[in-house]
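I have placed the structure first, in the form of structure tokens, so that the comments after it can refer back to it.
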Amino acid sequence: MALHFEILGRFNRARAAQLTLPHFVCQTPLFMPVGTQGTIKGLTNNELERIGCQIILGNTYHLALRPTSELLEEAGGLHNFMNWPRAMLTDSGGFQMVSLLHLADITEEGVTFQSPVDGKPMLLTPEESIQIQNRIGADIIMALDDVVRTTITGPRIEEAMYRTLRWIDRCIAAHKRPHDQNLFGIVQGGLDPELRDICVKGLVERNLPGYAIGGLAGGEDKDSFWRVVAQCTAALPEDKPRYVMGVGYPLDIVVCSALGADMYDCVYPTRTARFGTALVPEGVLKLKHRAMADDTRPIDPTCPCMVCKNYTRAYIHCLVTKDAMGSQLLSYHNLYYMMRLSRNLHSSIVEGRFPEFVRDFLRTMFPKGDVPEWVCNAMEVAGIDISSCCAPFPPCQENDSSNELEQLNKVKIEI
Amino acid sequence: MKFAVKKALSSGGARVGVLEVGSCPAPIETPALLLATRKGLPHFISPDLLPSLPSPDSNLLQVSPLHFLEGLSTTTISKIGGLHQMLGLQQHGIAAVPRDSIQCLPESKAATKLGASFETPCGRLLIKPKDYVEMISCMQPNIWASLADEVPAWVSEKRNKTSVDRTLRWLDDCISLYPAAGSIFGAIVGGTNLEERKRCAEEVAKRNVSGYWIGGFGLGEGIDERPALLRAVIDILPDEKPRLTCGLGLPEEILQGIAAGIDLFDSTYIYSLTVGGFALTFSLDNSREQHSLQSDQIGSDLTKINLRATAYRKDMSPILENCTCYTCKNHTKAYINHLLNVHEMLAQILLEIHNTHHFLRFFHVIRTAIRDGSFEEFRQAFLESRREHFKGEAIST
């Protein structure tokens with residue numbers, strides 16, 4: 001084990017901790033920006049450090065293609081290659097099984113991908129994935145899991161869960177650097193509580209440095225989503241970090257933190273920036289909208305970042321989707337927002353004011369009191385009283401939660 | 001804006017000057033480079049990375065008011081408080097020039113007596129003096145060029161003469177419409193016709209302007225025609241006012257302009273290099289060592305390297321060993337090669353930083369040479385070194 005996890009504060013299930021990794025000492029809850037190909041799109045390392053980024057994510061599948069793990073090993077690892085001084089986590093390539101399914105063929109041996117670069121087949125086994133990750137050298141490496149979309153049903157989910165458990169042993173056996181790289185197991189099992197339970201127990205038996213909750217953030221309804229997270233965080237060991245993969249929206253991060261998760265990653269903040277959308281306490285701000293053309297306010301008056309301190313919505317509006325600089329400035333702001341959220345989660349728990357923080361957050365995002373039902377239910381399990389955030393009549397709005405985009409639209413600012 | 005000549009080699013020749021403009025932290029030495037921008041900010045270098053460039057050398061920017069026609073009204077710009085406020089660049093000197101040799105190109109066929117025409121991403125635009133002055137008054141740049149009717153080298157004598165007439169008329173319009181302006185630079189055109197160039201220069205010299213914007217270059221004239229045209233214009237202009245050109249972007253062209261007596265340059269060179277994946281590597285001192293190392297690289301000559309080349313896949317050294325820019329202090333050629341390969345925008349950011357840094361150092365070295373009295377030698381040595389790789393190829397084939 002190459003990490004140290006010390007809990008500094010709690011509120012019910014929520015925890016704030018110090019996670020000491022080989023390259024950096026981190027504060028959790030934390031959000032990890034995704035730098036798939038060895039860079040966070042459009043931002044330099046010193047900008048990432050300045051906004052408080054602690055861990056970044058690299059992707060095994062993409063890096064193995066270009067520039068190849070052998071080259072990264074020769075360069076002394078990805079840290080050295082990209083000159084990132086802080087912590088790093090690599091995904092195993094498992095998610096590409098889902099995102100690039102049309103290019104993938106999954107068997108007990110591993111996943112065969114058709115390379116998008118040259119069309120040749122590329123077999124990713126648990127052994128190969130770990131080997132590649134050993135060469136890349138990140139502080140945290142992920143086991144290769146058999147990932148299925150939560151929107152599918154049937155025996156495939158059970159098959160994937162058991163295979164994930166068989167693969168974790170192969171990953172552990174293949175891992176050559178347990179003293180400076182932490183192998184996290186990933187809980188699968190779809191939306192089935194029994195399957196999830198079996199998987200958690202199986203992984204915990206292996207006594208890994210940390211655990212991830214995988215297979216979510218793929219379009220499942222929010223009600224199922226939070227229940228899986230709640231079940232897993234209740235069953236996973238207290239003294240080890242819990243990473244909910246692919247999350248995500250600020251609201252989701254707040255809920256999952258209340259339920260006892262510590263780490264998150266998602267392309268959302270940077271990707272949505274490239275489409276001209278800014279993250280703000282009220283939800284999102286679409287800078288492309290015509291009304292922004294003469295709005296001389298900053299994106300977020302409460303945000304102290306370089307972008308909000310210097311630029312108006314009107315100026316960013318004329319840049320977005322047309323000039324690279326627009327993407328860069330919005331990505332900077334959005335990541336700053338996520339780092340600020342992480343810091344606020346950590347400090348509010350440590351300082352004993354987590355419920356107030358949650359209530360403030362929800363009131364700002366749902367000024368009409370229309371907090372989605374799934375959030376109300378999750379907060380009840382988390383033991384946080386948010387009745388003051390919800391409109392008195394009707395109590396909490398019925399929200400069928402099947403369409404995340406629709407939900408997001410509800411929180412758009414009135415302009 | 002204040003300008004003073006500090007040292008001149010000979011009347012009408014290269015000179016070192018000092019420019020005080022706006023709230024720039026320190027006076028800027030000339031000859032100097034105006035950084036190219038898109039909607040006021042560099043193409044790729046984020047504003048928070050600008051301070052890493054040499055200062056105050058990097059504090060001069062050229063902005064085209066036409067860029068904002070694509071989505072930002074002059075009323076809004078005014079409401080925000082002008083360009084400096086809008087761009088968060090209160091300590092920078094901004095020169096407004098309609099022509100941006102990358103995306104706002106003068107279209108002489110569509111110009112009329114009412115206004116100049118430009119091909120822009122918004123289509124072909126006719127810019128009238130009144131509208132132009134309105135843009136300028138809302139934007140409040142430190143320096144602005146009057147509206148010019150620029151024509152390419154191949155137009156008829158009649159069209160060329162018309163361009164001079166219009167440019168002079170529009171200069172008078174600009175002056176009368178906005179007398180309390182930031183410093184107006186009178187535009188001088190005249191194509192490749194010596195007489196027209198002189199006529200234009202004489203007329204503009206009579207107006208009350210703070211400096212001169214010498215346009216009509218980089219539009220099809222031969223590089224060998226230029227010295228005579230530049231000399232013809234500059235001989236007429238008073239020494240004590242600064243001269244800015246447009247369209248002289250390559251190092252050779254800049255040296256040519258400096259030799260003639262130009263003080264300020266815009267350039268698209270950095271942008272072209274950057275989007276092409278090139279990094280400047282030409283020597284800034286008299287040592288020839290690094291040239292021999294690079295002569296076998298594909299797609300490069302002795303002045304720049306093409307970072308897309310597979311030769312750099314495993315090159316863990318910076319672009320230039322003794323370069324102090326952010327890119328060279330933090331990243332390797334291998335990393336930039338990878339970024340280019342996977343189409344990541346960080347590649348352009350890092351390259352623009354390096355190329356800008358290097359080009360600004362080039363200007364610095366030139367200024368030192370002028371002060372030392374060794375400018376002509378420097379120029380000859382520089383031109384010869386850039387042709388060396390041709391010699392090398394000729395011998396080997």
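Placement of Cβ uses the backbone N, Cα and C atoms for every residue, glycine included.
Straight from TrEMBL, the features:
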- A:13-365: domain 'tRNA-guanine(15) transglycosylase-like' (DOMAIN)
- A:Asp91, A:Ser92, A:Gly93, A:Gly94, A:Phe95, A:Asp145, A:Gln188, A:Gly215: substrate binding site (BINDING)
- A:Asp91: active site, proton acceptor (ACT_SITE)
- A:246-252: region 'RNA binding' (REGION)
- A:Asp265: active site, nucleophile (ACT_SITE)
- A:270-274: region 'RNA binding' (REGION)
- A:Cys303, A:Cys305, A:Cys308, A:His333: Zn(2+) binding site (BINDING)
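Features recorded in TrEMBL, as mapped to the structure shown.
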residue	record	Cβ within 10 Å
A:Asp91	substrate binding site	29
A:Ser92	substrate binding site	30
A:Gly93	substrate binding site	28
A:Gly94	substrate binding site	26
A:Phe95	substrate binding site	21
A:Asp145	substrate binding site	31
A:Asp265	active site, nucleophile	23
A:Cys303	Zn(2+) binding site	19
A:Cys308	Zn(2+) binding site	24
A:His333	Zn(2+) binding site	27
Of the recorded positions listed as A:Asp265, A:Cys305, A:Cys308, A:His333, the one whose CA lies nearest the CA of A:Asp91 (substrate binding site): A:Asp265
Integer average pLDDT (0 to 100) for the region 'RNA binding' (A:246-252): 95
Cα-nearest neighbour of A:Gln188 (substrate binding site) within the listed recorded positions, A:Asp265, A:Cys303, A:Cys308: A:Asp265
By Cα-Cα distance, the member of binding-site residues A:Cys303, A:Cys305, A:His333 nearest A:Ser92 (substrate binding site): A:His333
Nonlocal neighbours by CB distance (under 8 Å) for A:Cys305 (Zn(2+) binding site), same chain, sequence gap 6 or more: A:Ile51, A:Tyr332, A:His333, A:Tyr336, A:Tyr337
Cα separation, A:Gly215 (substrate binding site) to A:Asp265 (active site, nucleophile) (Å, whole number): 13
Cβ-Cβ distance under 8 Å to A:Gly215 (substrate binding site), same chain, at least six residues away: A:Asp145, A:Val147, A:Val148, A:Arg149, A:Thr150, A:Ala160, A:Ile186, A:Val187, A:Gln188, A:Gly189, A:Gly190
Helix, strand and coil totals (DSSP H, G, I; E, B; other) for the region 'RNA binding' (A:270-274): 5 helix, 0 strand, 0 coil
Number of other Cβ atoms within 10 Å of the Cβ of A:Gln188 (substrate binding site) across all protein chains: 30
Site diameter for substrate, Å, by largest Cα distance between A:Asp91, A:Ser92, A:Gly93, A:Gly94, A:Phe95, A:Asp145, A:Gln188, A:Gly215: 15
Helix, strand or coil at A:Cys308 (Zn(2+) binding site) [DSSP, three-state]: helix
Sorted by sequence, non-A:Cys303, A:Cys305, A:Cys308, A:His333 residues with Cβ within 8 Å of centre, Zn(2+): A:Pro298, A:Ile299, A:Asp300, A:Pro304, A:Met306, A:Val307, A:Lys309, A:Tyr332, A:Tyr336, A:Tyr337
Secondary structure content of the region 'RNA binding' (A:246-252), with strand meaning DSSP E or B: 3 helix, 0 strand, 4 coil
A:Cys308 (Zn(2+) binding site) and A:Gly93 (substrate binding site), distance between Cα atoms, whole Å: 36
